[in-house]
């Protein structure tokens, strides 16, 4: 049995090296998810009010998933170094759960993308109609219009039926050049058309979603299926270690 044990040792060393490298990359993805979740919560919070009428749980899911991946990534490195089959099998089970979770999330996002767009239209239209320039949704609307160089839902005329228009006209966040806008012009439907962005924000956001859906789906499924590499490596290493221990008896 000695020659065969000599054959398994290089295989175990190679698998350990690959699994350690994979676990490190897996750990890095956890850190990235954790950072994205926190950034989403604290930086994108107001904008999420334009997508849903209720607070989104997505940043908490990302943060929790990222924290769990960080912990299990460290556990994977520890299990690989220790070479305990039960640890490797537990690591493989966790990677399988992550794979199924990411796969379901990716499929759900792709299937329900039209519902997401419909929800955004409803929430954004309501934010425009109830705009007052002060609350969180109003601040988010201003941010979208400034960054995307757009105005209103479908175009600047969306503002004509808002509660804000009779008081102050179209918000200054719609202005192409803020220094060239004044309240009197923005309350005048004819003059305002010459000073604000013509394109509506809804079409820009939907166009972005449609043009990038393939990339987002590809990245999501690619990350999900990468977990299968870790499962395969962990299972193979566990098998080789078990075989090597059996041959030594």
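In case you wondered, yes, glycine gets a Cβ from its N, Cα and C as well.
When TrEMBL is compared with the stretches 60-78, 117-135, the one noted as transmembrane segment is 60-78. For the transmembrane segment (215-241), the list of distant contacts is 8, 11-12, 15-16, 18-19, 22-23, 26, 29, 76, 79-80, 83, 85, 88-89, 91-92, 95-96, 98-99, 102-103, 105-106, 109-110: same-chain residues at least six beyond its ends, Cβ to Cβ under 8 Å.
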